[in-house]
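> Pasting a structure below so you can have a look.
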Ligand SMILES: Cc1ncc(COP(=O)(O)O)c(C=O)c1O
């Protein structure tokens with residue numbers, strides 16, 4: 001059955017990537033062994049790992065000043081681990097609370113012995129906007145400022161990634177890596193993202209860290225008593241195979257990154273995301289639907305809106321399901337509708353959804 005799947009993550013993979021994975025699954029390397037069984041010390045896996053590092057660097061447009069590593073698990077693991085690489089007890093760090101995931105990241109650091117400055121608190125406006133970053137009062141000696149570039153639940157995103165002079169950025173790009181070309185690398189200490197939205201499946205996260213800070217973190221993590229398996233320098237030294245890596249997730253990420261590359265790379269993904277977003281926001285703005293966020297910080301991936309009543313929300317979701325338009329219910333603490341379109345959602349699915357919105361408005365608006 002052909003469906004249009006708008007899940008907020010794990011998210012759709014392009015059909016050709018799904019088919020490729022299916023075809024390669026049982027004998028991935030031509031030696032009669034599947035990628036699910038291959039030893040991570042085999043030369044086949046070592047080659048896959050190296051190729052994936054190279055294609056990740058190309059697709060994410062990472063300069064030579066930064067190192068890349070793959071870490072098992074999701075992005076949340078890094079909420080408490082990142083600050084232990086970049087700051088020592090008592091030091092000042094700056095955080096922003098712009099949504100569900102940013103809030104969880106804040107909770108984790110407030111439990112650490114750091115002077116944490118909450119420089120923007122989106123709870124005060126129910127997370128409908130990202131404020132004006134240039135007005136934020138950030139202590140100059142902050143070791144870094146943490147930003148969540150795209151807020152998956154509330155549907156907000158920085159139109160350009162802000163910078164703050166000499167204060168290094170730490171960017172949660174879980175729902176934006178491989179879809180934005182404007183990462184200000186010279187100002188960026190660290191980027192982290194789990195793969196299951198824009199460039200792969202669940203089970204692996206990518207960490208991209210400034211080389212000098214990676215070196216410095218060898219001492220800092222010792223003082224913070226961070227275990228080896230959580231230390232980015234140790235994972236980097238072990239070529240991302242310190243623990244047994246999530247081999248299948250890395251394989252799937254490899255195939256998805258290659259698809260992105262062959263499709264025109266991150267510039268093409270960015271362009272398509274903006275076009276898909278334009279189609280849906282035009283429908284939201286045409287009446288009946290009520291967009292949740294300020295227009296100047298709308299997400300290019302997560303479109304959050306509602307209808308005038310909860311009954312109409314439910315009716316809309318049920319009607320959409322009849323057209324095989326699936327997984328559009330809003331997040332549990334937000335309600336309404338959330339339609340997510342990452343790199344794997346094709347332009348045709350976006351236009352089918354926009355058309356459905358138009359027809360629904362004509363019929364019920
Ligand atoms: C922006 C952002 N950060 C972090 C997370 C948590 O990711 P994970 O489930 O991989 O831990 C999510 C999940 O949706 C997210 O959207």
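First residue shown is number 1, and so on along the chain.
Using the three backbone atoms N, Cα and C, a Cβ is placed for every residue, glycine included.
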> For the pyridoxal 5'-phosphate site, TrEMBL lists 101, 152, 196, 243, 244; sort out which one of 135, 172, 261 goes with them.
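My reading of TrEMBL gives 172 as the candidate in that site.
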> According to DSSP, folded down to helix, strand and coil, what is residue 101 (pyridoxal 5'-phosphate binding site)?
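Looking at the DSSP assignment, residue 101 (pyridoxal 5'-phosphate binding site) belongs to a helix.
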> Return the single residue from the recorded positions list (41, 197) that has the minimum number of other CB atoms within 10 Å.
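Output over recorded positions 41, 197: least Cβ neighbours within 10 Å is 41.
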> Suppose we screen the recorded positions 41, 101, 197, 243, 244 by Cβ distance to ligand 1 with a cut-off under 6 Å; which survive, in sequence order?
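The ones that qualify, in sequence order, are 101.
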> Taking 172, 244 as the binding-site residues to compare, which has the smallest set of other Cβ atoms within 10 Å?
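Ranked by other Cβ atoms within 10 Å, the binding-site residues 172, 244 bottom out at 244.
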> Can you tell me how far the Cα of residue 197 (N6-(pyridoxal phosphate)lysine) sits from the Cα of residue 152 (pyridoxal 5'-phosphate binding site), in Å?
10
